[in-house]
C-alpha cells in the first residue's frame, strides 16, 4: 500500500554474469521488466562495442522482414496475429533465422524481377497491339480524305496553294498559328496512299522528287500538347501528326500504377526530319515501335502479337500464383519473426552497456532495481543460468550511492491513466509523495462541479462503461486511430467523471436543463392561475409557512427553482460560494501533504519555517472566509427579525476586503452592526496581523537558520584544525586539509538560498489570492454549461413540439436527432473537453504546486513489452 502514496524504494546493484550465460539472463530480465541498466561505456563509440556485429545482423534481419511485410501489404494478404509472445531465441538460432529470411528475400526478389520483366514485355506487346489497330484507322482516314484533295488539285494545278492545317485544331491552340502546307506537302501525304497500295516492305517509295517516311509510337496522354508544340516548332510544320487515345489504362511495370497513354503516328520527309523526330520522341520518353506500311503485314504482325500476349498472360498468372503462395506462407509467421528479432536486438543492445572484466570471461553491469523485487530478479537470473547450461551462478550485489534513484510508481490499468496525468506535469522526485491517489477522487469531482448534469454525465458514463466492459476485445483490435486510442486509454477517467457528473447533476437537479420532481416541491403558491400567469413580479415569501414548508428539499435543489425567474441569481450565489469552499479545502489539503514530505525526509526546518507559516496564512485569511459563509447561512434565516433578518446579512466579499484593509463599514438601516458575531472585528484584526507576520518568517527564517548552521560548522572545522596542529607529535607528519575560507562558495550558496526563498514566499503569498480566485472557474463553467443546455433545449427541442397529429411525431424525430447531435457534439464533447482542461489546470497549478516538486526522472526498465509496443507504434506511423 505504501507504493501507492510514494514511489518504490530503489537500489543500485552490481551484476556479474558469465559470458556464456549473459544472453539468457538478460533475456529473462527483459521478460520480467524490472531492471534499468546503466551504460558503463559512455565514452565508447557505438560502432566499437563488443556486440556491434550482432546488432548489425539484427538490423539486416529487420530490413528483410520489413521488405517482406511491404510485399505482403501490397498484395493485401492478412498477417496472422495470434497474440503469442515467443521467447527470445538462442544465439545459435540466429543463423537459422538469417538463412530463412535470406531465402525468402532472394526468392521474392527473383519472382518480382521476373514478374516485372514479364509485365514490361506485356506492356510493350499491348502498346504494339494498339498501335497496329490505330494506324490502320489512320491510313483508312488518310485514303478517304486525300483522295478528294488530290483529285481537286489535279483538276486545277495552276490555282494557288491551299492552306492545310496538319496538326488540326489542337495544333492551332498549341502552336498559336495555322500550319500551312502547299502542293509538295500534300503530294507527300498522297504518296502515303501510293505506298499503301504498293504494299512495300518498310522501303519508302519515291514520289516525284520526295521520299516519304513515318514513325509510330506511344506517349503519356498528358504530354501530348507539349509534344505537338515541340514537333511543330522543331520541324517548322513539315510533319503530319495523328494521335488517338488508348481507352483502357495500362499498368506501369515499375510502380504498378495505372497510366493513360495515346498512340501517335508522324509522317515526315527526309533523314534530317527523321533524326529530329526521333530525338523529340526520346526527349518526351515516347516509345517507338516498328509498324509495317502494308495492311497484310500489319494483320500478320497483329496476330503474332495477340498470340504472344495470351502466352504472357498464362506465364504471368503462374508467376503471381507462386508469389502469392510465398507471401501467404511468410504472412503466417512474420509477426512472431518480428518479435524474435526485436528481442534479440534488444538483448545485444543491452549487453553493449555492460563492461568486461580483465579476464574477458565475465560481464559486469550496474542496474537500478526495486528493492521489493530483488528476490524475483534473482530467480529470473537463476532461470537464465539454467537455460544456458552454465555452472557459475550470477552475482547481484547491492551498492551504496549518493546518486538520485529513478522514480517508479507501480500502477495497474485503473491507476495508470491518473498517473499519466500527474507525470505530464513532471516526474516525482524520488520517494516524494505521489498525488495520484488523491487525484483519483478530486479530479473527477472538480470536473463534475463544472459539468454537473445527470443526463450528460449519464451519456459519458455509458460510453466509458462500454469501453471498460469490452476492453479486452477493443484492445485486441489495436486501432491506429489516435483519437480513439486517447479515449480508450482514459476510459477509467471518463467513467469516474461521468459517475461524479451524475451525482452533481442530481445535486443541481439538472438533467438536460430540466428538473426531476422526485419528492415534490416544498414551495407552494396561494394565488389562482390567472393571477400567476398575468403577474410575473409575484414572489413567494419563504418566511410564511403557507408558502414554504420550512424544511429543505431532501436531495439537491428544489425543482421549483427551474421555473423561477430569479433562478440565475440564486444559482450564482450558491455556486460561487461552493467554488470558494472547495478551492480553499483543496489548497489546504495540498499544503497538508507537504508535511508528509518534510517528515519523511526529516526536514524539520521546513516544517517550522515553511509548513506552519503557510498553513497559518491560508487558514487565518481564506479558511476564515469559508467559515463566514457557513455562519451567514446559519445565522440569517428567513423567519428571523431585525437585526438577524437576511436583509442585514453582510456581504462576505466586502467583509473580507474591509478585514484586510483594516476598514470599518457602516451598518445598514435597522441593523445594529455589520458583524455576524460578537468580537468579530477584534478577531479579524488579530488574524490579519498574524497572517502578515508569517510572511517575513517564510522569507527569512530558513535562510538565516541555515546560515547560522554553516557558521557553526565552520567554527568547528577551524577549532579541530588548531587542535591537530598543537596536539601530540604523531600528528606532526600528517597533511591536514585546510578548511575553506569564510565566504567564497558558501556565501554564493547563501545568496542563492535567500533569492530562492524570496521567490517561493512571493509565489505562495500572491498565489494564495490568485489561486483562490482561480477556483471561481468552477462556478463560471457550471453556470455556462447549464445555460447552454437550457438554450439548446428552448431553441431546438421545443421546435419539435409545435406540430400535432402524426406529422408532429415525424417532425419530432428529426428535431430530436438534430438536438441529440448538438448535445453530444457541443455539450458533452466540447464542454467536456473544456471542463477537463480547467480541472487539469486546477490540479497542476493550484493543488500540486503546494507540495509537489516533480524534479525526478522516470524508471525505464529493460522490458520486452515496452520495446515491442514502441516498435509496433513506430511501424504504424
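Backbone N, Cα and C define each Cβ position, glycine as well.
Automatic prediction, not curation, is the source of TrEMBL annotations.
Among the features that TrEMBL reports, coiled coil is placed at 94-128. Sequence-distant neighbours of the coiled coil (94-128) (same chain, 6+ residues past either end, Cβ-Cβ under 8 Å): 54, 57, 60-61, 64-65, 67-68, 71, 218, 246, 250-254, 261, 263, 287, 289, 301, 305, 308-309, 312-313, 315-316, 319-320, 322-323, 326-327, 330, 337, 340-341, 344.
The feature transmembrane segment is assigned by TrEMBL to 445-469 (among others).
What TrEMBL lists as transmembrane segment is 489-508 (among others).
Annotation source TrEMBL lists transmembrane segment at 578-599 (among others). Using a Cβ-Cβ cut-off under 8 Å and counting only residues 6 or more beyond its ends in the same chain, the transmembrane segment (578-599) has close neighbours at 432-433, 435, 438, 442, 446, 449, 606-607, 610-611, 614-615, 618-619, 622-623, 625-626, 629, 768, 771-772, 774-779, 842, 846-851.
Using a Cβ-Cβ cut-off under 8 Å and counting only residues 6 or more beyond its ends in the same chain, the transmembrane segment (611-634) has close neighbours at 577, 580-581, 584-585, 587-588, 591-592, 594-595, 598, 649-650, 652, 655-656, 660, 676-677, 684, 687-688, 690-691, 694-695, 697-698, 701, 764-765, 768, 772, 850. Taken from TrEMBL, the feature transmembrane segment applies to 611-634 (among others).
Feature annotation from TrEMBL assigns transmembrane segment to 682-701 (among others). For the transmembrane segment (682-701), the list of distant contacts is 608-610, 613-614, 616-617, 620-621, 624, 659-660, 662, 757-758, 760-761, 764-765: same-chain residues at least six beyond its ends, Cβ to Cβ under 8 Å.
Annotation comment: TrEMBL describes 810-830 (among others) as transmembrane segment.
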